[in-house]
Amino acid sequence: MMLIPTHHFRDIERKPEYLQPEKCIPPPYPGPVGTMWFIRDGCGIACAIVTWFLVLYAEFVVLFVMLIPSRDYVYSVINGIVFNLLAFLALASHCRAMLTDPGAVPKGNATKEFIESLQLKPGQVVYKCPKCCSIKPDRAHHCSVCKRCIRKMDHHCPWVNNCVGENNQKYFVLFTMYIALISLHALIMVGFHFLHCFEEDWTNLLQAYGMTREETAEALLSPPEKEQALKVSSSECSSFSPPTTVILLILLCFEGLLFLIFTSVMFGTQVHSICTDETGIERLKRKHQPRERTGSWKTVKETFGGNFSLNWFNPFSRPCQPEPPNDRDLVRQVASLSDINNTETTEEQSEETKNEDSVEVIDE
């Protein structure tokens, strides 16, 4: 059991209608097994669409601007396979992170009948979320976008239109990792493409006019001759005109650099959270509540699905599924009942803490 020295009340939870468990509506009939999880949030859906669009844009530029026009077929085939494989894994991870239940707590189970069935003893309490009217297990937090309490909630990410919790954190980590890798790969290919095309343009100009470098530097070519030479050289580097090619590559550079920095930071943050067994919300709140922390390696194995293997990097393999919580997991232990009575509340709530129900049910 977790020892809780103090209990925190938020102002929005001090409204009288939120304090009575009998106000909760029983949970609806559960849907069929395997029902897809999807959050109907306009902002999240738009961000998810933008994410896919940016990946597909990078795919278009890499294939049709850099790889297909290249005469080095080995270079094109190898880089094409690597980039497309990473892009596929990134989009697959994005879908799994978006469509997987992050660990939602059953909604509306904080009914008076259910709380009475727990048969709480002195010193035992249950925490009730006043927003979704559910009993919150340890380390669960309410998400205002998903409108549910999520177990081990790290944060709500609009780019995947979902919360990052205990059931989909692996997919989110893989998504950030693969996006960072394809961004780095695209930046490297753009750099080589610019260097190759500048050198090839210069060589084609020399070959087209049969001049040495010194002669070319001294020669004054007429505008039609310059245009013909540019057509000869640009056809070797891209199927688009030189201005269009430069614009597409610059946009890809900007996108790749931006997402490389962003996803690398997110990847490092998530790995640190997994290794320290501390979610982003817990790190921000800094409650310093004493609790047992799982060993870092054990937490990593639980998140990615067993001992180290290639399945760690497979977005189609599931993480280790936690054991279904039983009713006793919803009960927490307090050091003493005076801890509850000493909590800063209104006078009306101070009177309610004398009652048995107010000791057993605490809004968090």
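Note: Cβ is positioned from N, Cα and C throughout, glycine not excepted.
Database features, via TrEMBL:
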- 128-286: domain 'Palmitoyltransferase DHHC' (DOMAIN)
- 323-364: region 'Disordered' (REGION)
- 45-67: transmembrane segment (TRANSMEM)
- 73-92: transmembrane segment (TRANSMEM)
- 171-195: transmembrane segment (TRANSMEM)
- 246-267: transmembrane segment (TRANSMEM)
Would you kindly check 45-67, 171-195, 246-267 and say which stretch has the most C-beta pairs under 8 angstroms to the transmembrane segment (73-92)?
171-195
Mean of the pLDDT scores, which run from 0 to 100, over the domain 'Palmitoyltransferase DHHC' (128-286):
81
